[in-house]
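The block underneath contains the structure these notes are about, expressed in structure tokens.
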């Protein structure tokens, strides 16, 4: 009893301390918001069309937060809290509207909220083309589209949109991606004969499948959603798809998170009408239309190596309507204002039909 | 040019100030987290099964934050930031798992995140019964279920679950609800002959419909989702449903937010295994099984009036399997430990078959 009382007293005292800390945090939050308002006023006084969201500045703030963090809150947690604080301050200056590839509740919305915080106004848009159009027309400040979610086959579509658009890439977002082993209410668990999923997903779960369902036929379909839909009325099959798909098609998750590599992520691009300035840790996305000749790719790649530039991704797409000519999408580490990147691009330009910088932007912080 | 330079200097200076404020905020956030850890240690030392989430304490903190707020951040924004801060600190003590009526991306998930913050682990569950079972079995710490979303007809099902469960209501969440006027790609906009929706939704948009589609037939269906699904292949009809439904069924939003009352909200209940203590602004939910006789309801209601207790909602449900007997679900303002509530309940108890306090909990703060 005595002990209980002591604890109660202790608790009360600690809570009073927490209240004092809270009051102090609140003062500082409002002080920060006031400073942000001052920034907004200075911008309005000097620019006719001021831009309020500065991706490079935000990335710098978040990196600083993570560098100086001493815990106990983790770097990720404290950076996420600062994302929300910046989002709240930005909304006070000028609320930002973000078009994303819908529907509501998809990973793309999660990516938009992760990047812009909860105070941004997110608008679900039915197709990737329309997300581009929303941003081009000014109906939305920024757009968020998936780019490396190859299991659903939408990478290419996003890249194709850049061919016809002059929007800039101003940021990237990474989200962890998990695969679920799904069965329907009809499935006989003991006699699963087929496992459906997109080719890429089957590959990403290969070791797990080898261990748990050796010898069971794996059937590659056009998407994981299609796999989920198909097993709905089947007895001897299972699908691999996301928990969103499990919910939509009312399937049971028999085994959760079966991907071989738990570090699996999906990547999204943030698009806008203005370029992002240098943040210090940047990536650049390029679109290069090559001549149709032997060694074309080599001529493109050599200057990057020479100038010590790391490429993080290369995608090849046919440059319709011309047959047999190709467009390369290249991501590299560095900003287009870095000297080595500038020099490399200058050397490549004479050898290609077109070289377009889609954007330089901060490497995903979180 | 000079002016631009001045602005640039100003901006740089303000940003330095912001950085200083940020550093200070960060120190305090970690100090708060340390205090929360101390609370956790004290609890572990003295309780075998310590409870970390205290709804009444959280409500008190949020109310305090809103009361002392001087801006420029709005009360809602600053309270939302504190919700996230508390969520991050709580996750450090003991991560909380929240079962909610899925699928992912529904309003119920939004309610769960609004109430518990982003650091809670939310688990989509396929039915309301199963949400109850998840919490009863301890698979989830808490559950979130819709209760006053009468347009989809799920109120009653949640109430029915309480009849067979001993879980407590420990909180409520309110979300704004909007109705969209939807058409399919086949719809001939100029010759809409039917408008489908749930009865309740049609009622909630009556003035708007009278003004914009006078004389067009309104057809009540079992749910708004059913209405959205049905117009998919029709030419002369429209549906009223949520933007989620618009996305799922790939429909066009012809007119947005057509509800007559923009203050329209949906209400959700938070359920848990332990009771919530008094927060100072509380509500109580009761289940009362009445005798089958004339004046039964009056006998129940009179003591509330006598003790000056405000009722916020009454729902009547048949008490199956007994025919003609009824169960009342009553929400009132006050906590079951308030004297006037105690007295009222004591006076009612002898006149009814059963009186169960489903829970006393803080009134929704945000």
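The backbone N, Cα and C atoms fix where each Cβ goes, glycine too.
Just so you know, TrEMBL annotations never went through curation; they're auto-generated.
Look at TrEMBL and you will find B:11-38 tagged as coiled coil.
Marked as domain 'Chorismate mutase' by TrEMBL: B:5-97. In terms of DSSP helix, strand and coil, the domain 'Chorismate mutase' (B:5-97) has 74 helix, 1 strand, 18 coil.
Annotation source TrEMBL lists domain 'Prephenate dehydratase' at B:97-273.
Here the domain 'ACT' (B:285-362) returns a mean pLDDT of 85 for the predicted model. The domain 'ACT' annotation in TrEMBL covers B:285-362.
A sphere of 10 angstroms centred on the C-beta of residue B:266 (site 'Essential for prephenate dehydratase activity') encloses 21 other C-beta atoms. Sequence annotations record features per position, and here TrEMBL assigns site 'Essential for prephenate dehydratase activity' to B:266.
When the domain 'ACT' (B:285-362) is classified with DSSP, helix, strand and coil residues number 24 helix, 33 strand, 21 coil.
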